[in-house]
Amino acid sequence: MTEVALSLDVSRFLRYLGVERQLSPITLQNYQRQLDAIIALAGETGLKSWQQCDAAIVRSFAVRSRRKGLGPASLALRLSALRSFFDWLVSQGELKANPAKGVSAPKAPRHLPKNIDVDDVNRLLDIDLNDPLAVRDRAMLEVMYGAGLRLSELVGLDIKHLDLDTGEVWVMGKGSKERRLPIGRNAVTWIEHWLDLRGLFASDEEALFLSKLGKRISARNVQKRFAEWGIKQGLNSHVHPHKLRHSFATHMLESSGDLRGVQELLGHANLSTTQIYTHLDFQHLASVYDAAHPRAKRGK
């Protein structure tokens, strides 16, 4: 079987996806792009028919793709397309088993979240309160850092979600999971300051944080305002809401060491999601060790 014949089988598969599965043209183009790349790799390995393909050859496709600069996420898509194609060939009786079934792409490296150190957080929060919107922004910053909220949770807060007597808020997290969180004395103070001014913008809106038009503030507006305050306050790194959430988690873990507690505060379903912050904590401790411990100093 020649490369042309390999392509004919792929064309039959794409026709099946378009006619019987009724996949969108964009999805079909993505399948074709990935499978065309596989056919090119098959030509490099001397593969003459799909029936000759085994797990070792599929792994060689993966290795060659990586050498050509394909990232882990893109390689996972390529192998997924190949598995679907082979499943179809099995259903047509043209293959006995799917040779790509047990072959997976290497996992993409998990990037450690960046955080803002405590001094910079304090500098960020010490903003010039020359207008009501600045008071609102200070309250949002205090709540975001004080409770480690997601951006969607912050903009979704209603006044009814507050219990300022206990210093707590109710938030609706991912998967419609509700949780009750302490927000800290500073956040309570600045929410109260904002509530004193909030009536200048709207009186019948349920949302806690409003835009200058009196409607619930948008996530994009929050991102824009936080970035602007980061620049005004002279922070070297870009300030965005998720970075404040990361900073909350890192600083809490450094202070308490209570991974389970931080998991509950962040609303993570799995502890493994929270454990990434232990790497940040270790990096901090390692830098302190390298700077201070006599045995860590080189050449002495």
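Placed from the backbone N, Cα and C atoms, the Cβ positions cover glycine too.
Noted in Swiss-Prot for the protein shown:
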DOMAIN    4-90  domain 'Core-binding (CB)'
DOMAIN    111-290  domain 'Tyr recombinase'
ACT_SITE  ARG150  active site
ACT_SITE  LYS174  active site
ACT_SITE  HIS242  active site
ACT_SITE  ARG245  active site
ACT_SITE  HIS268  active site
ACT_SITE  TYR277  active site, O-(3'-phospho-DNA)-tyrosine intermediate
Using DSSP with the three-state reduction, classify ARG150 (active site) as helix, strand or coil.
coil
Neighbour count first, Cβ atoms within 10 Å, every protein chain included; then name which of ARG150, ARG245 tops the list of active-site residues.
ARG245
Whole-number Å distance between the CA of ARG245 (active site) and the CA of ARG150 (active site)?
7
On average, residues of the domain 'Tyr recombinase' (111-290) score a pLDDT of 79
Between ARG150 (active site) and HIS242 (active site), what C-alpha distance do you get in Å?
7
DSSP secondary structure for HIS242 (active site), reduced to helix/strand/coil, please.
helix
Would you mind checking how many other C-beta atoms are within 10 angstroms of the C-beta on HIS242 (active site)?
14
For the domain 'Core-binding (CB)' (4-90), jot down how many residues DSSP puts in helix, in strand and in coil.
72 helix, 0 strand, 15 coil
